[in-house]
Amino acid sequence: MKLAVIPGDGIGVEVTTEALKVLRKLVPDLETTEYDLGAKRYNATGELLPEAELAEIRQHDAILLGAIGDPRIVAPGVLERGLLLNMRFQLDHHVNLRPSRLYPGSTSPLAANPDIDFVVVREGTEGPYTGNGGAIRVGTPHEIATEVSINTWFGAERVVRYAFELAQTRRKHLTLIHKTNVLSNAGAIWTRAIETVGAEFPEVETAYCHIDAATIYMVSDPSRFDVIVTDNLFGDIITDLAGAVTGGIGLSASGNIDASGTNPSMFEPVHGSAPDIAGKGIADPTAAISSVALLLRHLGRDEDAARVERAVEADLAARGDAPIVTAEVGDRITAAV
Ligand code: NAD
Ligand code: IPM
Ligand code: MN
């Protein structure tokens with residue numbers, strides 16, 4: 001297995017170290033190439049994602065990423081857009097897969113709820129993320145800024161199709177989350193994609209929620225969700241909430257997937273570089289380790305993926321309220337896989 005590793009910034013570096021311990025144990029022939037992309041590199045050289053480096057990254061089977069962005073030393077947006085989104089867009093990571101499960105022993109505020117188990121299929125290449133917009137008359141009282149949300153039939157159809165296929169393998173229930181009562185132009189594309197693709201999946205029941213109401217249900221009745229499909233921005237927001245209700249953002253894994261298989265997919269925790277706890281060795285590496293499980297499953301190593309999931313599950317069940325020590329969690333889970 002040839003893996004490109006981008007530890008990135010802040011706790012990204014700390015949690016990636018632990019994720020690699022687990023992966024090395026399961027994949028003895030693992031070949032890693034590390035890329036020092038991120039805040040320090042940018043400040044030293046001005047480079048974000050050089051073309052030659054991306055070409056090299058493309059030659060790998062998959063990418064493992066920690067987190068990108070350090071608002072303490074680089075202005076917000078520079079690295080996020082120039083490196084992370086740039087990579088997701090250039091590698092056509094149109095499916096941003098973000099599963100959430102409430103594990104036994106979890107410290108979730110909803111811990112009494114026995115069966116929270118859903119997957120958010122977040123569109124990854126469109127919406128307001130594309131950088132389509134601009135600002136004029138900056139600094140004057142007449143300043144205007146636009147961030148145009150791009151929604152294409154092509155983009156919605158393919159991610160909705162992925163979500164139906166996934167729902168077909170699970171509890172056969174798919175919820176579209178949007179804001180069709182206000183964003184009705186984009187909403188029409190998404191709704192029609194559900195209707196059109198849904199005709200091919202008669203066994204999958206569909207539901208619809210506005211994003212605002214969805215935040216209520218995610219807290220009050222999360223077990224209603226099986227597969228959720230949504231646009232890039234709503235998906236970003238709802239998956240941080242999903243993390244919070246299933247034991248904390250330190251547990252949420254993700255895969256940025258090119259479902260066509262043309263480009264390597266990229267696996268990373270949902271969380272960011274957490275400057276508030278970086279360097280202290282107290283970040284939870286579980287999200288990064290669970291991202292390794294998604295990576296293994298993506299590469300067809302289902303049994304290895306299941307071993308990681310079982311080890312994570314056992315660790316969470318045994319953990320209690322003990323404070324997190326990043327390296328110790330990594331060592332424990334590595335020993336258990
Ligand atoms: P964040 O996810 O980094 O942190 C939010 C809160 O969650 C903080 O209190 C942090 O301490 C806590 N947290 C996050 N991960 C944790 C973990 N593994 N264990 C324990 N606690 C954890 O979000 P933010 O503070 O809004 O963003 C910080 C930087 O990270 C910004 O530059 C942002 O753009 C970037 N970011 C990057 C990614 C990514 O690379 N995919 C994702 C989100 C944010
Ligand atoms: C995430 C992050 C990114 C996003 C940022 C850092 C660009 O919040 O991966 O969820 O909004 O997609
Ligand atoms: Mn996010």
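Glycine too: its Cβ is placed from the backbone N, Cα and C atoms.
According to TrEMBL, the protein has these features:
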type: DOMAIN; residues: 2-333; note: domain 'Isopropylmalate dehydrogenase-like'
type: BINDING; residues: ARG88, ARG98, ARG122, ASP212; note: substrate binding site
type: SITE; residues: TYR129; note: site 'Important for catalysis'
type: SITE; residues: LYS179; note: site 'Important for catalysis'
type: BINDING; residues: ASP212, ASP236, ASP240; note: Mg(2+) binding site
type: BINDING; residues: GLY272, SER273, ALA274, PRO275, ASP276, ILE277, ALA278, GLY279, LYS280, GLY281, ILE282, ALA283, ASP284; note: NAD(+) binding site
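Distribution of TrEMBL features across the structure.
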residue	record	Cβ contacts under 8 Å, 6 or more apart
ARG88	substrate binding site	ASN96, GLY124, THR125, ASN256, MET266
ARG98	substrate binding site	VAL119, VAL120, VAL121, ARG122, GLY235, THR239, ALA242, SER252, ALA253, SER254, VAL270
LYS179	site 'Important for catalysis'	GLY187, HIS210, ILE211, ASP212, PHE234
ASP236	Mg(2+) binding site	ARG122
ASP240	Mg(2+) binding site	ILE249, SER252, VAL270
ALA274	NAD(+) binding site	GLY10, ILE11, ALA67, ALA283
ASP276	NAD(+) binding site	none
LYS280	NAD(+) binding site	none
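Other residues of the chain with a Cβ within 8 Å of the Cβ centroid of ASP212, ASP236, ASP240, the Mg(2+) site, are ILE211, THR215, LEU233, PHE234, GLY235, ILE237, ILE238, THR239, LEU241. In the three-state DSSP assignment, the secondary structure recorded for TYR129 (site 'Important for catalysis') is helix. Close contacts with ligand 3, defined as a Cβ under 6 Å from any of its atoms, occur at ASP236 among the binding-site residues ARG122, ASP236, ALA278, LYS280, ASP284. ALA278 (NAD(+) binding site) sits 27 Å from TYR129 (site 'Important for catalysis'), counting Cα to Cα. Highest local Cβ density among the binding-site residues ALA278, ILE282 belongs to ALA278, counted as other Cβ atoms within 10 Å over all protein chains shown.
The binding-site residues near ligand 2, defined by a Cβ under 6 Å from one of its atoms, are ASP236, chosen from ARG122, ASP236, ASP276.
With a cut-off of under 6 Å between the Cβ and any atom of ligand 1, the binding-site residues GLY272, ASP276, LYS280, ASP284 reduce to GLY272, ASP276, ASP284.
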